[in-house]
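This report concerns only the one structure given below.
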Amino acid sequence: MRYDDLLSLLGDFGRYQKILYCILVIPTGIISMQIMSPIFILAVPDHRCALPDLSNDTYAIQNEEHEQLVNKYIPMTTDYTGAASYSSCTIYDRSVNSTGMNISKEVPCSKWVYDMSVFQDTVVTEINLVCEKTIYRAHATTSLNVGSLLGFIIMGSVSDRFGRKKTYVLLIVLTAVFSFLLVWTPSIYVFVAIRFFVGFTVGVSYNTTFVYVMEFIGPSKRILCGMFVNHVWTFGLFIYTGLAYGIRTWKNLQIASAVPSCFLIVYWWLIPESLRWLVSMGMRSEADQIIQKMAKVNKVTLPIEPLNLQITSSGTGTVVGLFSSKVLLIRTVIIFINWLTVSMMYYGLSLNVGNLGGDIYVNFAYSTIMEFVAYTISIPAISLLGRKKFHCLSMSVGGLALLATIFPSVIADKRSSLVITILAMIGKFASAAAFGTIYLYSSELFPTVVRSAGMGASAFCAGVGGIIAPYIVELANLTEGRARDVLPLIVFGIPSLLAGGLSLLLPETSKIHLPDSISDAKQLNRHTDTEFKRNENNNVI
């Protein structure tokens, strides 16, 4: 009996799997808080140079005398809308030359005061990561994605060797430890290093959650359950938004978001080992115990004769096989480009909410709502329109919306900021929809013999996109004038539009038999239309 046949016998998504599913997806929401935490803990409040020889200087004007001193020492600048503000990085050097004449020149400063009306403090205000040090914010955010890439490489084999449960619980414990350690960082270098280890644990935790869930659920419910994991991700972001709104100091916010990880240690006693892993490792006694428990909870009667379970390998090929012909080479490159672009666009637009006009908490809440709606719409849309059309539509709409931000920035009136924010939210909606589709679509494009290798390489490309994204977001802090608010959005929009156009060259996979061999994959373009028509009335998702 094949493993999937056993799951069908026990119930593809019976009561046992439903309970286990609800338990296993909870960490996804907690993981989302740690991954998206830079939006708040690395936020950059409005700031200006500190006045010389004034120990009680504050960003807020205290009185008329204080205002006169600020006007004397701090240069004024105007943004592209004509609004005036104090310079963030320079101060007048008020000195007297040899002739006794007062001279003034702008020089960089080494001390700052910050607007505390939104945040009481952030990592940025504590370590002064502004002006020439602003790039360190991108380093801190990127270090998590670098850690995730290394984690995928190392922990994937650890999970296959020692089991899903041991790996899962170990990662949960390490996530809690490193999340708390982040609070006691004495310098930006230590902060970047610890963020690397947080990334090492949370990135693999998310992937292990997905694998764990899929190995207990039957074929007919895997797509729906896999897509719903994304919804749990957004639930975590909603909770984090509320925490950030109520807790305005970065250390207390980090502690509050790390505390839930501690309770997940009870998973050692709550969750079983992966049934598929036990069978593949020949641990039949342990597997039989889980099978009997699943049958009891699902109220299923098992056959009297012993179950001769077989695990069919998902493939022994390597990623090199994806480049074995011109057709597969072009297809694989397009898939990799789309993974990199979708990831870069999604993470970049999430991190960029701090650069948009308006309240950062409201913007992030709207961004999360857009993400939730996108995941919800994706489920019926990929069946109705097909994978290719919906993915191309998502990428194209997102790219066009982001490129359209050029126009309000040129017009530069009072409504420009609102229009830019709305267009950015459309881009976020589209990127989430594309992210919710690309995983399924690419897994169906890769033939069975190299599917695992292909998805692993795709995840690597997504990681590269996540590494690039923070540096694009930082362009807003390194740019002056009209381009400041929209330059990151334009940079995200161009590759999105190009990747969406390239995806039109890919074959449709909806309602067709998926390729098993390299030869089948080569023929996919030729047979898509006939296969689609032949399977129109079949119950194929």
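Each residue, glycine too, has its Cβ placed from N, Cα and C.
Quick look at what TrEMBL annotates:
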type: TRANSMEM; residues: 20-44; note: transmembrane segment
type: DOMAIN; residues: 90-511; note: domain 'Major facilitator superfamily (MFS) profile'
type: TRANSMEM; residues: 135-155; note: transmembrane segment
type: TRANSMEM; residues: 167-184; note: transmembrane segment
type: TRANSMEM; residues: 190-213; note: transmembrane segment
type: TRANSMEM; residues: 225-247; note: transmembrane segment
type: TRANSMEM; residues: 253-271; note: transmembrane segment
type: TRANSMEM; residues: 328-348; note: transmembrane segment
type: TRANSMEM; residues: 360-385; note: transmembrane segment
type: TRANSMEM; residues: 392-412; note: transmembrane segment
type: TRANSMEM; residues: 418-441; note: transmembrane segment
type: TRANSMEM; residues: 453-473; note: transmembrane segment
type: TRANSMEM; residues: 485-506; note: transmembrane segment
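If you look at the transmembrane segment (167-184), the same-chain residues 6 or more away from its ends with a CB under 8 A from one of its CBs are 27, 30-31, 34, 155, 158-159, 191, 194-195, 197-198, 200-202, 204-205, 208-209, 212, 251, 254-255, 257-258, 261-262, 264-265, 267-268, 271.
Regional average pLDDT for the domain 'Major facilitator superfamily (MFS) profile' (90-511) in the model is 85. Sequence-distant contacts of the transmembrane segment (485-506) (same chain, at least 6 residues past either end, Cβ-Cβ under 8 Å): 80, 330-331, 334-335, 337-338, 341-342, 344-345, 348-349, 352, 355-357, 388, 391-396, 398-403, 405-406, 408-409, 417, 420, 423-424, 427, 430-431, 441, 445, 472-473, 475-476, 479. Here the transmembrane segment (453-473) does not touch the transmembrane segment (392-412). Their Cβ atoms form fewer than 3 pairs under 8 Å, with each pair 6 or more residues apart. When Cβ distances are compared across the two stretches, the transmembrane segment (20-44) makes no contact with the transmembrane segment (418-441), since fewer than 3 pairs at least 6 residues apart fall below 8 angstroms. Long-range contacts of the transmembrane segment (225-247) within its own chain (CB-CB distance under 8 A, at least 6 residues past either end) are made by residues 13, 21, 25-26, 28-33, 36-37, 39-40, 209-210, 213-214, 217, 253, 256-257, 361, 364-365, 368, 371-372, 375-376, 378-379, 432, 435-436, 439-440. Between the transmembrane segment (392-412) and the stretches 135-155, 190-213, 328-348, Cβ pairs under 8 Å are most numerous for 328-348.
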